[in-house]
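The structure appears right after this line, and notes come after that.
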Amino acid sequence: MASKAGAAASFMFMLFLLNTACQAQLSPAFYDSSCPNALSAIRTAIRSAIASDRRMAASLIRLHFHDCFVQGCDASILLDETPSIQSEKTALGNLNSARGYNVIDKAKTEVEKICPGVVSCADIIAVAARDASAYVGGPSYAVKLGRRDSTTASRTLANAELPAFSESLESLISRFQKKGLTARDMVALSGSHTLGQAQCFTFRERIYNHSNIDAGFASTRRRRCPRVGSDSTLAPLDLVTPNSFDNNYFKNLMQNKGLLQSDQVLFNGGSTDSIVSEYSRNPARFRSDFGSAMIKMGDIGLLTGSTGQIRRICSAVNN
């Protein structure tokens with residue numbers, strides 16, 4: 001028994017060292033010499049996309065999250081279906097839901113014009129999420145760079161590891177902990193939902209059958225989401241300031257105005273109530289924690305050094 005425990009401890013220590021080594025290779029200055037204009041080219045593409053479609057800000061932040069939670073932050077979410085690749089784009093949490101692929105492709109095209117084969121798609125997703133946050137009034141933060149792109153994708157993993165809209169608080173906390181993120185990280189990251197929208201089928205059960213929901217709020221949401229039909233009709237998660245990055249999401253939860261079950265469970269008599277309450281009172285703390293959690297999330301499952309590749313086209317592995 002002692003030898004087995006020792007072996008397990010040794011294995012976990014090796015994983016820790018490997019992850020630490022990968023993180024050490026990342027730096028906000030990674031492209032300063034090899035492609036000094038990369039970040040400005042990405043920023044221009046992202047700002048242009050959001051100026052045309054304000055909703056794209058939330059979509060790009062979510063795209064980074066969905067990438068990092070499946071195989072790590074390796075741009076696997078961008079790969080199209082092939083005979084050898086099961087695209088994550090068709091996973092349950094992404095199909096007809098995840099957006100922004102074309103925006104990342106556009107940014108990649110612009111970067112390739114000035115520095116072909118240098119900047120990874122994984123880094124572009126991470127930078128795009130930060131630039132999207134900043135453009136709509138959210139925090140800006142230093143994005144560590146130097147990720148490489150995967151040559152594989154996994155729809156199976158995406159179906160298993162992406163959080164669902166009906167999950168319990170305990171299940172959500174467990175999912176995030178498995179990725180090295182705390183409950184506070186999870187609540188802070190969820191705050192970006194203030195920019196998001198949801199399809200009717202994801203919140204129908206809540207607005208018709210749940211008791212922990214404000215009656216007037218539920219009545220308003222039922223107008224565009226009938227008991228039958230209109231499954232794909234969109235509704236903003238935050239009715240008050242749907243186009244601004246602020247802390248209204250947390251204020252809404254405290255009034256039982258969370259649209260998704262997976263949102264309202266963050267304030268429903270459980271262990272994260274105090275964090276939601278804190279963020280509702282202290283927007284500066286929320287902004288700071290959000291930036292820190294995004295940086296931390298960006299360290300999940302990294303490919304660096306000679307692992308992976310730098311894709312020339314984000315939707316396909318290099319020949």
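Glycine residues also receive a Cβ, built from the backbone N, Cα and C atoms like all the rest.
Val70 (Ca(2+) 1 binding site) has a Cβ environment of 27 other Cβ atoms inside 10 Å. Per TrEMBL, Ca(2+) 1 binding site is recorded for Asp67, Val70, Gly72, Asp74, Ser76, Glu88.
Residues annotated as substrate binding site in TrEMBL: Pro163.
The Cβ of His193 (heme b binding site) lies under 8 Å from the Cβ of Ala58, Leu237, Asp238, Tyr249, Leu260, Asp263, each on the same chain and at least six residues away in sequence. The annotation heme b binding site is assigned in TrEMBL to His193.
Under the heading Ca(2+) 2 binding site, TrEMBL lists Thr194, Asp238, Thr241, Asp246. The Cβ neighbour count for Thr241 (Ca(2+) 2 binding site), using a 10 Å radius over every protein chain in view, is 15.
Taken from TrEMBL, the feature disulfide bond applies to Cys35-Cys115 (among others). A sphere of 10 angstroms centred on the C-beta of Cys115 (disulfide bond) encloses 15 other C-beta atoms.
Per TrEMBL, disulfide bond is recorded for Cys68-Cys73 (among others).
Summarising the annotation, TrEMBL assigns disulfide bond to Cys121-Cys314 (among others).
As annotated by TrEMBL, disulfide bond applies to Cys200-Cys225 (among others). Around the Cβ of Cys200 (disulfide bond), 19 further Cβ atoms fall within 10 Å across all displayed protein chains.
TrEMBL lists 25-318 with the feature domain 'Plant heme peroxidase family profile'.
According to TrEMBL, the feature signal peptide maps to 1-24.
Cβ neighbour count within 10 Å across all protein chains ranks Cys68 highest among the disulfide-bonded residues Cys68, Cys225.
Cα proximity to Asp74 (Ca(2+) 1 binding site) (within 10 Å) is found for the following recorded positions from Cys68, Cys115, Cys121, Pro163, Thr194, Cys200: Cys68, Cys121.
When Cβ atoms from all protein chains are considered, those within 10 Å of Gly72 (Ca(2+) 1 binding site) total 20, not counting its own. Taking Asp67, Ser76, Cys225, Thr241, Cys314 as the recorded positions under consideration, the smallest Cα distance to Cys115 (disulfide bond) is found for Cys314. Close to the recorded Ca(2+) 1 site, the chain also has His66, Cys68, Phe69, Gln71, Cys73, Ala75, Ile77, Ser150, Ala153, Ser154, Ala158, Gly301: residues not among Asp67, Val70, Gly72, Asp74, Ser76, Glu88 whose Cβ is within 8 Å of the site's Cβ mean position. Distance between Cα atoms for Ser76 (Ca(2+) 1 binding site) and Cys68 (disulfide bond): 9 Å, as a whole number.
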